[in-house]
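Engineer: Before I ask anything, let me first share the structure, which is written out below as structure tokens.
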């Protein structure tokens, strides 16, 4: 049995955007029967919130949409940098990951998976200083991009063969 495919989401503090994406994507994969085939993690580029729960507003939006909320913030480390795919929530995160030595082919912007993002900026705006509606907007942006990420996973799993 081969190791599971590893996808990690990266934002600034790992308490808002990346844990939302992680929880949403991981649950969707479990519902598709791929929970053992794909490992989903998240991390922040900074260490300010290491060990903290997700922001209560992020957790509230996840809970309202039926997603789990258990989370402990982490800073990007060796485990995350070794992921098959590192999904950056904004351009600064992508740049930092490349500066840390991650090959450009393994770094993607989350919104690049949403074909409807078109002319919109690829950044997912940080809702930290916003209100509930900003967190709902982040949820909607993530939700729109995840089908494309599922397609990426399906293609990788098909190419790599069954685990």
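Even glycines carry a Cβ here, placed using N, Cα and C.
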Engineer: Which of the listed positions, 8, 41, 45, does Swiss-Prot note as phosphothreonine?
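Structural biologist: The residue tagged phosphothreonine by Swiss-Prot is 45.
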Engineer: Where does the S-nitrosocysteine label fall among 16, 53, going by Swiss-Prot?
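Structural biologist: Record annotation (Swiss-Prot, S-nitrosocysteine): 53.
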Engineer: Out of 128, 129, which of the modified residues is least crowded by other Cβ atoms within 10 Å?
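Structural biologist: Comparing Cβ neighbour counts within 10 Å for the modified residues 128, 129 gives 129.
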Engineer: Most Cβ neighbours within 10 Å: which of the recorded positions 11, 53 is it?
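Structural biologist: The largest 10 Å Cβ neighbour count belongs to 11.
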Engineer: Secondary structure at residue 17 (active site) (DSSP, helix/strand/coil)?
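Structural biologist: Reduced to three states, the DSSP call for residue 17 (active site) is helix.
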Engineer: Please average pLDDT over the region 'UIM-like region' (136-149) for the predicted structure.
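Structural biologist: Taking every residue of the region 'UIM-like region' (136-149) together, the mean pLDDT is 98.
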Engineer: Using residue 129 (phosphotyrosine) as the reference point, find which of the recorded positions 17, 45, 53 has the shortest Cα-to-Cα distance to it.
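Structural biologist: Going through 17, 45, 53 one by one, the Cα closest to that of residue 129 (phosphotyrosine) is 17.
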